[in-house]
Structure formats: C-alpha cells, structure tokens
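Peer 1: This is the structure, below, for whatever I ask next.
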Amino acid sequence: MAQFLRLCIWLLALGSCLLATVQADCSQDCAKCSYRLVRPGDINFLACTLECEGQLPSFKIWETCKDLLQVSKPEFPWDNIDMYKDSSKQDESHLLAKKYGGFMKRYGGFMKKMDELYPVEPEEEANGGEILAKRYGGFMKKDADEGDTLANSSDLLKELLGTGDNRAKDSHQQESTNNDEDSTSKRYGGFMRGLKRSPQLEDEAKELQKRYGGFMRRVGRPEWWMDYQKRYGGFLKRFAESLPSDEEGESYSKEVPEMEKRYGGFMRF
C-alpha cells in the first residue's frame, strides 16, 4: 500500500511538470501566431492556448495557428537570437584579431577571465586606470609613475574587453600623439632620441652615465677566454687584441666613439 501511494505521488509530480512544460510551449506558440498576424485580434490567445492543451473540444484555432507556424517558422526573430549573438561574437573576435594580430591569441582569454571574475562596478568606472592596474597586476604597464602610460594601457584593456568609449578613445589618441615625444624622453632618458637634446636631458644622461656607466663593463679578461683561444685556434685572437688592456684603459677612454660616450660602456663587451 505504501509503495502504491508513493507511485501515485511520483506520477502526480511528473504529470504536473509535464503539464507546466506543455502550457509554456502552447503559450509560446500562440504568442508567435499573434505576432505573425497583421491583426493580432484575429486569434483568441486564451482559446488557442486551451485548445493546444486539449481542454477544449474544438481545435479550429489551434490548427490554424499550427499551420501558420509551419509556414513562417524561419521568419521569427526570437528563433535566431542565439545565431545572431554567435555571429556578432565571431565578428568582434575577428576584428580584434585583425587589429592586434596575435595579441588576443596570447592574452585575450586571460583578460576575459579576469573581467568575469572581477566585474567593474558603476561607481568605479571613474577610476578605470587604477582598477585595471590592480586587476591585472601591472600587466601591460611600463612605468607606474607615468600617467600617460597608465592611460594607454587602460584604454587598450578597455577596448579589448568591450568597455571602452569610442569618443574617449579618439580624444585620447590625439592627446597621446601630441605627447608621444615627451613620454619617450621621460621614459628612456634620451635613449631613443637623436643627437639634439635639451640641457636638462643632457644632465640627466650624464648622471645616469656616472651611476650605471660601468655596471655591465668587464674588468680584465675572464679565465674561459684562454680556453676559447685554444679551442678555436686564432679565430678570436684578432678580436681579443682589439680590446684595450687595463693599462691602456685611461688612454682608451679618451678615444672612445660617440656611442660609447653616450651610454657609458653599457654596449661594450
């Protein structure tokens, strides 16, 4: 007896679930018919739903609606919503891949994952640069003290994640073009500039030369140098003789070329 009651309860629960599913499908189909008709009043929505569910003896309205659905099924906009979304996502990914080359293949999934884990709140949009810097841990950040560099990385990340503004990007591109030379000189201290430099940058270059000039410079010759000479015969002998000795260092420093003076022995072997 207990098993029979349990079976009846399960049948009632299953029947109610199936009934709810059928009712939802019937309501959706009747709504499509009303949308497709030029005059929605031609079909009674309630009668169509009841006939679809089998609660009315007549099936005239439901048969008409079913024929209409079979004829005009591909024309309903909500049937192709998923297809439109997929095509739009593919177009956006194609444009980003075309614009940034292989950058999105390497880091696109990383930034999208971080954007899903840490969504930006509306009140935090004003400080977008700081939030992006905290979120990505300095990713794409060259110099934390430069506002232009941080703004550049912020705009790039916003554009890749779909949160940028076109007008803001256009205005910022104009400003970054005007300040490109200043940011380059600040970042590299005249490294990428030509021979003509301002006195202030010249003084900064001299200070850097005094501080880091001989940092990478070798003192004397390493022990493995003789091993290379023995192994390769006299192949490296000419290059070894061209290097100045410790005694000739002072006289050699007076004759170094302009490149050596500028970078303070940084490029010297």
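Yeah, the Cβs are placed from backbone N, Cα and C, and that goes for glycine too.
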Peer 1: Could you pull the disulfide partner of CYS65 out of CYS26, CYS33, going by Swiss-Prot?
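Peer 2: If we follow Swiss-Prot, the cysteine bonded to CYS65 turns out to be CYS33.
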Peer 1: Looking only at C-alpha atoms, tell me how far CYS65 (disulfide bond) is from CYS26 (disulfide bond), rounded to the nearest Å.
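Peer 2: So the Cα of CYS26 (disulfide bond) lies 10 Å away from that of CYS65 (disulfide bond).
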Peer 1: Between CYS30 (disulfide bond) and CYS48 (disulfide bond), find the distance joining the two CA atoms and give it rounded to the nearest Å.
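Peer 2: On Cα coordinates alone, these residues lie 6 Å apart.
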Peer 1: I'd like to know which of these disulfide-bonded residues, CYS26, CYS30, CYS48, is least surrounded, judged by other CB atoms within 10 A.
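Peer 2: Lowest Cβ count within 10 Å among the disulfide-bonded residues (CYS26, CYS30, CYS48) is CYS26.
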Peer 1: Pick out which of the disulfide-bonded residues CYS33, CYS52, CYS65 has the most other Cβ atoms within 10 Å of its own Cβ.
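Peer 2: That would be CYS65, with the highest Cβ count within 10 Å.
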Peer 1: For CYS26 (disulfide bond), what is the secondary structure state per DSSP, taken as helix, strand or coil?
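Peer 2: It is helical.
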